[in-house]
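What TrEMBL records for this protein:
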TRANSMEM  34-56  transmembrane segment
TRANSMEM  76-96  transmembrane segment
TRANSMEM  108-129  transmembrane segment
TRANSMEM  149-169  transmembrane segment
TRANSMEM  181-205  transmembrane segment
TRANSMEM  211-234  transmembrane segment
TRANSMEM  255-275  transmembrane segment
TRANSMEM  281-307  transmembrane segment
Amino acid sequence: MNVTSAVRQAVERTSWFKKRQRYRVLYWREISPLAVPILLENACVLLMGVLSTFLVSWLGKEAMAGVGLADSFNMVIMSFFAAIDLGTTVVVAFSLGKRDRRRARAAARQSLAIMTLFSILLAGVIHAFGQEIIDFVAGDATAQVKDLALTYLELTALSYPAAAIALIGSGALRGAGTTKIPLLINGGMNILNILISSVLIYGIFSWPGLGFVGAGLGLTIARYIGAIATIWVLMVGLNPALRLSLKGYFKPFNFAIIWEVMGIGIPASIESVLFNGGKLLTQMFVAGMGTNVIAGNFIAFSVASLINLPGNALGSASTIITGKRLGKGQIGQAEFQAWHVFWLYSDADRLGQRPLRRLYRLVLHP
């Protein structure tokens, strides 16, 4: 017993044990409370399009292929919004680390306003050139698949302003350390998407439903409900650091803050758009291989995207923690925590690959 006690005391005096305790505190008190809700939130965002594909699967393989083609383009747009959301998260976290609530609110408010205006313009461009976009993306796909893809793209393009509000608002809340509310909003949007789209596609009681059109319309309605919820959360101040009144959105822009957000978001958006553009390019190559291949390729990419979720969640958590530490001037702490998250992701990635490979085989080869 004395030997055991002596060994324990010797171990506790080592630098390794002190670091181990430090890592444990960092993981349970800072990383885990942020990363887990962000992981679930990102999964909800990813599943929006996948669920729409699932809901139209009973309408035939052409409907699945049409949704897959349109959503391949939508993912590129969503990746751009998510990158600007990252810039908002960084600026909000850094500002709150410096105890500058006014700057944090200004960054959130102006990011929401400018991205909403941009998304409205983008939706107009897609409605004007939707046929050309689908012809470019769909390649040699059948005329029926192209028509369905165009219908779905035009309907979901109407949801871009709502998606921008939900993503940017969630990013601002995450920057303030509030991760559960964005999770609830995005989870609620998925549930509403399933319920509303199911009714609109297949009908209820004696009403026959709208068929394929109901998928895009249901997703759009669900996103607007999520956007309204996001604005309401920011307006009532569930997080007091980010209480934004409706009048505040009409204040003049502070271009110094906008440039700070865009200085982070635009480089990140280029990287993200190129990454998702590669997936879109692959979809273009397989478009002429048949309807089954188009639908299967989209499902495979959706499942494969799950592999990136743990890394994205840890990256977002690291962004928030590092931003706040830098805002407080704790540069050494920020570097230490960034390295810890890096090694944590490396271990989590290796552990998570095997079950995801099994899921991939289960979906494609049931």
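Positions of Cβ are set from backbone N, Cα and C atoms, glycine also.
Just so you know, TrEMBL annotations are computer predictions that nobody has curated.
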Contact between the transmembrane segment (211-234) and the transmembrane segment (281-307) (3 or more Cβ pairs under 8 Å, separation 6+): no
Maximum Cβ pairs under 8 Å to the transmembrane segment (281-307) - stretch from the list 34-56, 108-129, 255-275: 34-56
Residues from the same chain, set at least six apart from the ends of the transmembrane segment (255-275), whose C-beta lies under 8 A from its own: 76, 79-80, 82-88, 90-91, 103, 106-107, 110-111, 114
